[in-house]
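Q: Have a look at this one before I ask anything.
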Amino acid sequence: MASENEKVSLPSVDVAPVVGKQQSAVDSTDNHDDLTRQTTADRILQGAKTATEREQNMTLLQGIKLYPKAIAWSVLISTCIVMEGYDICLINNFYAFPQFNRKYGEQLPSGEWQVTAPWQAGLSNGANVGELIGLLINGYVSEKFGYRWTVIVSLMLINAWTALFFTADNVQTLLAAEILCGIPWGIFQTLTITYASEVCPVAMRGYLTTYVNFCWGLGQLIGIGVIMSMLDRQDEWAYRIPYALQWMWPLPLAVGIFFAPESPWWLVRKGKLDKAKKSLLRLTSLNRESGLDADETVDMMVHTTALEEKTTTGASYLDCFKGHDLRRTEIVCMVWAIQNLSGNSFSNYSTYFLTQAGLPERSAYGFALGQYGMNMVGVFGAWFLMSRGIGRRSLYLYGLCGLCTMLMILGFLGLVPEAQRTQGSIATGSIMLCWALTYQCTVGTVCYSLVSEISTRRLQIKTVALGRVLYIIVGIIASVLTPYMLNPGAWNWSNYAGFFWGGICFLCIIYTYFRVPEPSGRSFAELDLLFQKGVSARKFATTKVNVFDDEINSDLMDKYQQRKEAEKDTKGRFD
């Protein structure tokens, strides 16, 4: 044994190799993590590419066979729009009901009862005010709580506030009811379009989004039919029964929507990838098409979301006006506004011109019934034209050209001599019916598809809401100006108003030619890249882009993958 003063000789140890091995282990771990991350990103990219190619090569018939459940759920949620078309039709036609006027109007010196002009304007625009509020609220609520629960709560509010219509003792209560009901109606206007665009493949997007316009026509048609059935009633039930019929919609719709799948795109944006896959499977019929891979379709959604997060920093209303999203917001707003700028408010006065020609009230309502019926037929006309390969931009542009021509014809009919005034009025009413059919086959229907496709996924609800806000504002202005144009006691332009709206419509043609792109056949990711690169609207259809060559933050896709794995682990612990 060595003494305390003796040094113990220990074998020398080469520390450098140990440190080198430790460093190598660290480097190996980092390389492994990088490799794993790269593998995850590559897998998502490959899955997204395969799903994108499958969707773009899918025919309409294949889409119908593969997504019948998506069609059914989209149709169910879009039916909420029927309620708004129904009620708007009611209030504008109740002004001709003597029973309604006696209850809510004032007696004129002549002894006749009428709702005064200020209150007519207030009631007609009250719903617009509520819709503006609902549109802006929807931009936050539906993105936070999801589409299903937003619709269900809105339907329950409609159920409650319809009681105000039914029990209103004065015109002030009616106005409150219009404003309050307008809030959920505003929510329906954008949410139904967004849901339709997110639950279906590219081949079906144009059809399901434009079905919303069919629902508008259906609601108006039902409203006119109910009003005509009440013309012979002389008591207060002539207007209370139509109001009470609004209760037939909300409850069955809410029950059905409760069982509807949530939008898989919304679930992906929230990082709920496992739920997104389940929702996608509920929207499809896998036994009809063996080629569908739900994981690859979710990968496509993840890739598109990552691509949008790269170019869009946030998801607020302010972000709609930043960068290339400003261009998309501008186009969506103008596409909505052009619906009213192309003479829509003027065409709604076909009944007025027919009445001026001496037709009885019931016959004039019959013409209005036919016009609303053509609104529905026009949607099928638009579907037929789209099925022939005609793009959305082409339909919108050439439709405006036809509308402009007919508006000019209406203006020239004002030159008809007074002796032939009756024939001129009938010709005017007939041209307006042709205008309505052309409008619904093109501008009126295709608009719903354009606004849903041009806006980015992250900002779609807010972008479409802003567009609809401008639509309502322009509609309010037009609804104020048009009576002055046509009223004999005001400007008395009569048919010459066609020149005014024809000129505005011509300006809309110029805007559409230079600014509105062609989105048909494009995936959402391709549209994002085309806007990001600033491609001209006239070159959208021919420009070739490869979204999978664009560099995307792999960390972001890795984050989605980690969420997916976490969901699987959570599920495994509870199974």
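Heads up, the Cβ atoms here are built off N, Cα and C, so glycines get one too.
This is the feature table in TrEMBL:
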type: DOMAIN; residues: 73-520; note: domain 'Major facilitator superfamily (MFS) profile'
type: TRANSMEM; residues: 149-168; note: transmembrane segment
type: TRANSMEM; residues: 174-196; note: transmembrane segment
type: TRANSMEM; residues: 208-227; note: transmembrane segment
type: TRANSMEM; residues: 247-268; note: transmembrane segment
type: TRANSMEM; residues: 395-416; note: transmembrane segment
type: TRANSMEM; residues: 428-451; note: transmembrane segment
type: TRANSMEM; residues: 463-484; note: transmembrane segment
type: TRANSMEM; residues: 496-514; note: transmembrane segment
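Relative to the rest of the structure, where do these features sit?
A: When Cβ-Cβ distances below 8 Å are used as the criterion, the transmembrane segment (174-196) is approached by residues 74, 77-78, 80-81, 83-84, 87, 91, 104, 119, 122-123, 126-138, 141-142, 147, 150-151, 154-155, 157-158, 161-162, 164-165, 168, 205, 208-209, 211-212, 215, 263, 448, 451-452, 460-461, 464-465, 468 of the same chain, each at least six residues removed from its ends.
Sequence-remote contacts of a segment are chain residues at least 6 beyond its ends whose Cβ falls under 8 Å from one of its Cβ atoms, and for the transmembrane segment (208-227) they are 70-71, 74-75, 78-90, 93-94, 192-193, 196-197, 199-200, 241-242, 245, 365, 368-369, 372-373, 375-376, 378-379, 382-383, 440, 444-449, 452-453.
Sequence-distant contacts of the transmembrane segment (395-416) (same chain, six or more residues past either end, CB-CB distance under 8 Å): 335, 338, 342-343, 346, 382, 385-386, 423-424, 427-428, 431-432, 434-435, 438-439, 441-443, 446-447, 450, 493-499, 501-502, 505-506, 508-509, 512-513, 516.
Outside the transmembrane segment (496-514), and at least 6 residues removed from its termini, the chain residues within Cβ reach (under 8 Å) are 334, 338, 341-343, 346, 393, 396-397, 400-401, 403-404, 407-414, 482, 485-486, 537-538.
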Q: Give, as a single whole number between 0 and 100, the mean pLDDT over the domain 'Major facilitator superfamily (MFS) profile' (73-520).
A: 87
Q: In the same chain, who gets a Cβ under 8 Å from the transmembrane segment (149-168) while lying at least 6 residues past its ends?
A: 77, 80, 83, 104, 134, 138, 141-142, 174, 176-177, 180-181, 183-184, 187-188, 191, 240, 243-244, 246-247, 249-251, 253-254, 257-258
